[in-house]
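Scroll down for the structure; my scribbles are underneath it.
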Amino acid sequence: MSDSAPPIPFLATVGLACERDRRLLFDQLELHLQPGDMLQVAGPNGSGKTSLLRLLAGLMPPTEGSVLLAGKPLAAQRTELARSLLWIGHAAGIKGLLSAEENLAWLGALNRCGSTSREAIWTALAEVGLRGFEDVPCHTLSAGQQRRVALARLYLAPPPLWILDEPFTALDKAGVAQVEIHLARHCEQGGMVVFTTHHSLTEKARNFRELDLGLRAA
Amino acid sequence: MSNVFLLLAMHEARLLCRRPAELANPLVFFAIVIALFPLAVGPETQLLQGISPGLLWVAALLAVLLSLDGLFRGDFEDGSLEQWIVSGYPLPLLVLAKVLAHWLFSGLALVLLAPLLGLMLGLPASALPVLVLSLMLGTPVLSLLGAVGAALTVGLKRGGLLLALLILPLYVPVLILGSGALQAALQGLPATGHLLWLASLAALAVTLAPFAIAAGLTIGVGE
């Protein structure tokens, strides 16, 4: 990377502060995200990890400061953000009454991203180890399997920026390892991943960073 | 853009079809409330016929309200609303698709059931077209206004009663016009004026309510 005139970061925060129920979770948060970056947001429970992720995804207005997408405020960049963002929250938007295939087809269409063809969805489901569960209603799947359905979206030619809240919850060891490798590979190919987890990663991208909100508050 | 509107409406319809019991509940409620009145006030046709416009409309209104509690709560809790918001599609468009799908399965079913219950109350066959037409124009307004309340109470675990308190006062104009139309038809007067007013309310609700619903949901998700 050249040291003169740094490029405009893809996603940045300027003096970001977040207050919930009159408690200041964090303030003056400066964050830069470039293609290839992998950012793990860490910290104890209640330190504002999910809030930070929701701020970055534009789901919540910041108390102070702003989030910039390609140098412009997020509020003015809704379509740009939608085009480049894949958001999987703690609740992943999976409908228990629908099958894994129906869920993925709808979410794919909603996000205008990737392929929503039957073959692509079946391949993605096979990737996350759900071969044979394509047309089973999701509420009959285990918590880990439901999480896998949500994570199958990561295999459907998704947009560059992934914001994932606790993606490893309820996954077994093999599942965690596989998703870690997939996240790292996405970053190596120029994607960006911001995520929270309490796991310590074994597979990291080259530009891996950790932001500990607990340390900042101390 | 209209593509996603249709896809969401179909997605919602599919979800509703997987829970037939939930669809049937407001209809059964509607039928039972109407069936209770002859038992309570006596079977005199004259009396029942006289109060049937108000009766049918109040029962329909409560049935719609009943079906709307939790309209968005499932989407809120399972994270679907977040996906809607980050999708970048105009949220009012998405909520309109959802409410439309919901109305097709609850409001429209109510409209189709109403003539039968009207006959049960001794309503003359000549008044039935006005009954159907007034409900056809009125129930979408009830659904859309109720959805505003459902959006505002989306973050509450038990918003049912609050929803009723918030929304019932707003239902008053629809109730007056709807039962007024039927009252006029019963007395052999033209009901066109009432129906046109209802139609204009429907047009207003379809164009404006989605924005209010979207704003309510954005607040709920941003909390």
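Here the Cβ of each residue, glycine as well, is placed from N, Cα and C on the backbone.
Some features that TrEMBL has for this protein:
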type	residues	note
TRANSMEM	B:23-42	transmembrane segment
TRANSMEM	B:54-72	transmembrane segment
TRANSMEM	B:93-118	transmembrane segment
TRANSMEM	B:130-154	transmembrane segment
TRANSMEM	B:161-182	transmembrane segment
TRANSMEM	B:194-221	transmembrane segment
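Sequence-distant contacts of the transmembrane segment (B:54-72), counting only residues of its own chain at least 6 positions beyond either end whose CB sits under 8 Å from a CB of the stretch, comprise 25-27, 29-30, 33-34, 37, 81, 98-99, 102, 106-107, 110, 114, 117-118, 121, 123, 131, 134-135, 138-139, 142-143, 146-147, 149-151, 154, 159-160, 163-164, 167-168, 171, 174-175, 178-179, 182, 217, 220. By the count of Cβ pairs under 8 Å, the stretch nearest in packing to the transmembrane segment (B:93-118) among B:23-42, B:130-154, B:194-221 is B:130-154. Beyond the transmembrane segment (B:194-221), the same-chain residues lying 6 or more positions past its ends with a Cβ under 8 Å from any Cβ of the stretch are 72, 76, 81-82, 84-85, 90-96, 99, 130, 133-134, 137-138, 140-141, 144-145, 147-148, 150-152, 154-155, 173-174, 177-178, 180-181, 184.
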